[in-house]
Structures are given as C-alpha cells and as structure tokens.
Amino acid sequence: MASEIAGVFSLDLLFNLALLVALSVLSGFIDKRWDRNRRSGQLLQGLLFGGAAVLGMLRPLVAGPGLIFDGRSVMISLCALFFGPVAGSIASLLPLGLRIQLGGVGTLVGCLVILSSMTLGWLGHRRLRRSGALPSTGQLHGFGLLVHLAMMALMLALPAELVWTVEKTIGPPVLLFYPLATILVGKILTDQLTARSALQALQRQARELQQRNVELERFNHTISHDLKSPLVTSMAFLSFLEQDLASDNRERIASDLHHLRTATRQMEQLLDGLLRFSRLGQPGEPPQSFFYDELIEEVQVLLGGLLQQHQVALEIRPCRLRLLAQRPRLLELWQNLIENAIKYRRADQPLQIRLGVISEPTATARFYVGDNGQGIEPGYAEKIFGLFEQLDRNTPGSGLGLALAKRIVEQYDGRIWVESAGAGQGCCFFFTLPAALADPRPPRC
C-alpha cells in the first residue's frame, strides 16, 4: 500500500512541481511590475498563488472519500514567506472556499492545513524581514519540513479509525517530497529576488555615477571660483596688513585681521563640507534599529543651542515609526534641513518649523520639514539641491547642506523635493526613505 501511495504521490508531485515552476516565473513577472511592498503587488501575488493552489486541488491524491492531498500547503506557505501576510491570506481564501465546497471527512483538517501553512509562512516572513536576508537552502528545507510536520500533526483531527492509516501511508511521502518541492520553488523565487536586487543595484550605481559626473563638473568650477575666492581675499588683505603694520595704522590692522578671519572661516566651511560630502560615498557603521521619535529627540538635543538662540518654535507630529539605518547619517539629514530653515528665516516674524511623517495606505512614508521662512520661487526648486548652490550669496554657509541632504536621501532609495507658494511664503521639504524603513507597511501616525 505504501509503495502504491508513493508512486501516485510521485506523479502528483511532478504535476504540482510543473505548476509551481510556472507559478514562480509568473510571480517574478508580477514582482517586476508591481512592488511586493504595496497592496497591489501583494493582491496579485496572493491571487496567483491561491489560483495555483486551486489548480493543484483539482488533481489531488485521493486517499479516501472526502480525504485529498495536494500541493496547496507548499504554495500557500511560500506565498506568505516571500510576500507577507496580506498575500498569504489572499492566497488562502480560494483554497479554503474550494475545500469547504468539496466537503467530506477531511474538510476540517484540510482547512486547518491551509491556515497553519499561511501562519507558519507569515512567521517565517517576519523573521526574514528582521534579518534582511533571503532564505538559504537549509532554511527552506527546515521551513518545508516544519510546515508539513504541522500538517501531519493536524491529521490527529481525523476520525480515530483513519488517523493511523493516513499517518503511516501518507506521512513518509509528504515529509520526503514536499520539503524538496519547497526548496526547489523557494530557490527559484530567491534567485529571482537576487537577480532583481543586483539589477537595481547596477541601475542605482549608474544613476550615482551620472550624478557624480555632474557634481565633478560643478566641483571643478568650485575649485576655480569658490575655493579660490577666499584665497584671493586672504592674499589681498595680507598685503594690506603688511602696509598697515608698516604705517602702524591700528584701526586698519584690526579691519585687515577681521577680513582674514572671515576668509579663513569661509575656506574652513567649504573644506569641511567637501569632506562630509566625500564621506557619504564610503561605507559607514552597520545599520541600527531605532524609532523616528527617538531620532527627532536627539536632533533637538544636538541643535538645542541654535534653536534657543533664534527662538525657534518646533511643532513635532509624533510617529512611532521604526527605522533601520545608519543613525548618524539620518541625524545629519534632519540637522541640515532644520539648519537650512534657520538660515533662511524671515526677520519680521518668529520662525516656526514643522516636523512629521505623512502616512498613506498606497505609498511609502513621506517625511517633511516645513517652515514659515523666506520661501522659494518654484523655478529654483531643483537648483537648490545642487552642489555649492546658494540663491542668496549674502547668506552665510557653503551651499552644501541641501546637496548633502539629497545624497543621504538617495542612499536610501528615496527622493527629496521642496514645495513653496513663493518668496516670503515659507516652504516645506518632503522626502522618502524606502530603504531605511524597518517595516515597509504604512505607519500609523
């Protein structure tokens, strides 16, 4: 009996494997066009895996009246493992409905197997998301074995006279073949994800290289102008200082020293900004897990003196959003944006700065830093993020703050933009950080 069951199981497995391979190819096609972190992608993946599970149920191994076995546990568990609980739940609905409709002695057990497969897949998905790594072959085998050990344990819910027969005849083939099917399809999905990640990395590097070429051209201009300017000023006032020392003109000597200090400070700011900018391209410390609220509290401490000096009113919208990133770089991002707001404040009214997160069900979290400062004309909305760009040359600074902010945002696969009604109307900087979100689901803020 066991050998007959194993033979039938082998044919059934071949059918289900062919179905699973086709499924994985279609899944990769969907994943390229609809992001798995969005509801649309999760819905399509759930429908795909659920539909494939139903097809597998239409050609089951019939172990007795109302008692069927098929590959639904593999499909549903892998859907939840790779695409999360939303996709896994959707993939479970169609097989659940069909199994209830088929009825028979195994209806309860069949439904429980569907639910346990989805639950174990979801738990595995949570663990993989925390680690940030794709499952290895050994992990896939262990996962498949766990799912089907749970399946065989649920057979105890069958009538007592069927339990031993099912465990003895169905158990060995299930525990042998289905974990192997989990490995095969899991590796196909893993390879697709690896290839997609590699392609995205190449595309990101190409964009960064193009951006750096633009920045290099701007840097050459800076070397010939911005860095040369304080040197020329220093040389001129050194010459004046020599003349004033010779004539013992103390008033002019003090003025010469003041201009020399100003030029030296300008040079120092430019060199410090260039050093910080160049360090962004180098590997930093490992990512840390922390909450957005904690980050903003630390920014307030670091900028406490500056905020107090200019009597800045901070309006902070709390959000319990977990981030996974290099903390110093995100601190620098928020510091630069707040310092920029202080630098371009209006003299005729107290400065107010707003910080918060906008959460939308169909989009990644959007952070914002808004103010009631000088504002900006729409025509300059892109220009201000350029290297060494300053719309007002009379405002102190190196023109690197927003360029640094943009580079940090792009390192986390995000984008940054500014919105303003015009000069004197204040402005608001919006930015996204998809790669810095510990949980891609929209936060509740």
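Here the Cβ of each residue, glycine as well, is placed from N, Cα and C on the backbone.
Caution: TrEMBL annotation is automatic and unverified by curators.
Annotation source TrEMBL lists transmembrane segment at 7-30 (among others).
Residues annotated as transmembrane segment in TrEMBL: 42-62 (among others).
The annotation transmembrane segment is assigned in TrEMBL to 74-94 (among others).
Taken from TrEMBL, the feature transmembrane segment applies to 100-123 (among others).
Under the heading transmembrane segment, TrEMBL lists 143-164 (among others). Proximity of distant same-chain residues to the transmembrane segment (143-164), defined by a Cβ-Cβ separation under 8 Å and at least 6 residues beyond the stretch ends, is recorded for 64, 67, 73-74, 77, 81, 105-106, 108-109, 112-113, 116-117, 120-121, 124, 135, 170-171, 174-175, 178-183, 186.
The feature transmembrane segment is assigned by TrEMBL to 170-189 (among others).
Marked as coiled coil by TrEMBL: 192-219.
Mean pLDDT for the domain 'Histidine kinase' (222-437) in this predicted model: 82. The domain 'Histidine kinase' feature in TrEMBL is assigned to 222-437.
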Remote residues contacting the transmembrane segment (100-123) - C-beta distance under 8 A, at least 6 residues beyond either end: 57, 64-68, 72-73, 76-81, 84-85, 88-89, 91-92, 143, 146-147, 150-151, 154-155, 157-159, 162
